[in-house]
Amino acid sequence: MPIGNLGNNVNGNHLIPPAPPLPSQTDGAARGGTGHLISSTGALGSRSLFSPLRNSMADSVDSRDIPGLPTNPSRLAAATSETCLLGGFEVLHDKGPLDILNTQIGPSAFRVEVQADGTHAAIGEKNGLEVSVTLSPQEWSSLQSIDTEGKNRFVFTGGRGGSGHPMVTVASDIAEARTKILAKLDPDNHGGRQPKDVDTRSVGVGSASGIDDGVVSETHTSTTNSSVRSDPKFWVSVGAIAAGLAGLAATGIAQALALTPEPDDPTTTDPDQAANAAESATKDQLTQEAFKNPENQKVNIDANGNAIPSGELKDDIVEQIAQQAKEAGEVARQQAVESNAQAQQRYEDQHARRQEELQLSSGIGYGLSSALIVAGGIGAGVTTALHRRNQPAEQTTTTTTHTVVQQQTGGNTPAQGGTDATRAEDASLNRRDSQGSVASTHWSDSSSEVVNPYAEVGGARNSLSAHQPEEHIYDEVAADPGYSVIQNFSGSGPVTGRLIGTPGQGIQSTYALLANSGGLRLGMGGLTSGGESAVSSVNAAPTPGPVRFV
């Protein structure tokens with residue numbers, strides 16, 4: 001795609017031809033400029049020093065903005081950065097899975113697990129939280145290439161790569177390696193703490209050197225007893241108690257509102273009183289009615305022969321009234337008796353019904369609720385007692401080991417007849433001790449966490465000695481049978497530790513490895529005070545005297 005003219009060119013109407021690409025291993029025209037006739041030739045046609053480290057996640061973002069142009073140079077890295085001397089590879093800032101994981105967890109260890117769909121996920125941990133990313137096939141292949149033992153545990157080693165890129169190496173337990181090395185160097189102590197008065201380094205004639213090694217171990221143990229509230233049986237018991245209390249309350253409310261009320265005392269009437277009252281009332285009523293009819297009265301005849309009512313009822317009328325009044329009294333008596341019986345029956349029926357309801361509600365409500373309360377209380381008590389007797393202790397022990405090395409080296413005079421054969425050894429050991437002094441090892445009885453041994457190393461990035469692999473040196477020393485006995489001297493003589501063995505074995509084989517790998521050179525702590533190289537010193541005849549390893 002042509003680029004328009006943005007300047008005040010007289011040929012402003014013409015288009016500027018596209019710029020030639022800077023090809024990498026993949027031709028620039030094939031990446032985005034399909035159909036371009038521009039070939040990758042010319043002065044900028046060769047970029048052999050740079051090649052893509054891997055398929056970057058950012059390659060698909062803007063590589064097709066301008067067809068024919070090369071990949072962004074930030075996505076190109078030196079081919080030699082893929083594998084370094086530490087047996088790892090470099091992680092670019094390409095927003096890929098490993099770059100994202102390193103951003104999240106920093107310089108720490110992570111593991112690789114196979115997911116259900118067949119993909120591989122890198123899982124790290126930070127502040128007790130797991131961070132998981134899905135690896136690309138290229139990253140998984142790179143991790144497999146350095147993980148020869150198939151541990152699937154790796155570690156970010158900080159910005160030790162080019163341009164501050166982090167490195168990925170296979171994780172190893174540095175505490176276990178240190179214990180094995182100390183057990184080899186000091187069999188009597190079995191890898192324990194080394195006494196301060198033992199100097200395992202040789203001091204040459206004509207030099208005054210005092211070395212004091214101190215190992216300070218700090219152990220912090222925190223024990224947390226799990227609470228009984230974490231036991232689900234305890235909460236079941238508490239729930240039973242709460243349900244029982246709720247049942248008691250519901251039963252009381254139901255008995256107060258929903259049950260048959262307590263009946264009142266039955267109202268009774270005296271039958272005799274009722275009969276007398278009815279007889280008297282009936283007699284009065286019939287007498288009044290009888291007086292209304294004059295024929296019912298007796299008649300008196302005066303002197304003139306006239307019939308005059310006497311105001312008295314006839315005898316037969318009086319007898320009828322008395323008979324009817326008596327019958328009315330008997331009826332009233334019978335009604336009073338029946339009324340009393342019905343009232344008593346109603347009272348008894350209501351009282352019996354209430355008693356049945358009370359017994360039923362009390363048996364179900366109060367009985368069940370009380371049973372729940374008792375069962376919950378017993379369950380809570382038993383659970384608490386068993387928890388106190390068999391409570392699991394969540395114990396976490398963290399041990400931090402710091403090694404502090406202090407060295408004071410006096411004058412080194414070749415004219416005094418001595419060759420300081422341990423100057424390189426001191427320099428190498430000091431370098432390793434200084435790295436070990438800031439590397440902390442944490443372990444726990446409930447965790448298999450492997451802490452990165454290179455995460456906090458503050459060595460110079462461009463220092464050649466800081467980039468030398470040291471694990472194989474420790475393994476050589478620990479596995480060498482000649483480097484197994486330490487002789488201690490006491491008295492007025494200098495404190496030196498001499499290693500029993502033959503020249504070329506033990507620590508001298510370590511010197512040879514360092515010399516062959518470029519670790520010992522002139523001006524960096526050679527084996528001789530002169531200009532001989534480390535190789536010539538190793539191959540030369542042993543120097544008689546206390547400097548020699550006999």
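Backbone N, Cα and C atoms are what each Cβ position is placed from, and that goes for glycine too.
What Swiss-Prot records for 1-13 (among others) is compositional bias 'Low complexity'.
As annotated by Swiss-Prot, compositional bias 'Basic and acidic residues' applies to 185-200 (among others).
Annotated compositional bias 'Polar residues' per Swiss-Prot: 218-228 (among others), in sequence order.
The compositional bias 'Polar residues' annotation in Swiss-Prot covers 336-345 (among others). Helix, strand and coil residue tallies for the compositional bias 'Polar residues' (336-345), in that order: 10 helix, 0 strand, 0 coil [DSSP].
Taken from Swiss-Prot, the feature compositional bias 'Low complexity' applies to 395-409 (among others).
According to Swiss-Prot, the feature compositional bias 'Basic and acidic residues' maps to 422-434 (among others).
As annotated by Swiss-Prot, compositional bias 'Polar residues' applies to 435-449 (among others).
The feature phosphotyrosine is assigned by Swiss-Prot to TYR454 (among others), with experimental evidence given as support.
Residues annotated as phosphotyrosine in Swiss-Prot, with experimental evidence given as evidence: TYR474 (among others).
Annotation comment: Swiss-Prot describes 1-38 (among others) as region 'Disordered'.
For 185-228 (among others), the entry in Swiss-Prot reads region 'Disordered'.
The region 'Disordered' annotation in Swiss-Prot covers 260-285 (among others). Within the chain, the region 'Disordered' (260-285) has long-range Cβ neighbours (under 8 A, six or more residues past its boundaries) at 321-322, 324-337, 339-340, 343-344, 346-347, 350-351, 353-354, 357.
Among the features that Swiss-Prot reports, region 'Disordered' is placed at 332-354 (among others).
Sequence annotations record features per position, and here Swiss-Prot assigns region 'Disordered' to 389-449 (among others).
The topological domain 'Cytoplasmic' annotation in Swiss-Prot covers 1-233 (among others).
The topological domain 'Extracellular' feature in Swiss-Prot is assigned to 255-362; the stated evidence is sequence analysis.
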Query - Per-state residue totals over the topological domain 'Extracellular' (255-362) - DSSP helix, strand, coil - result: 75 helix, 12 strand, 21 coil
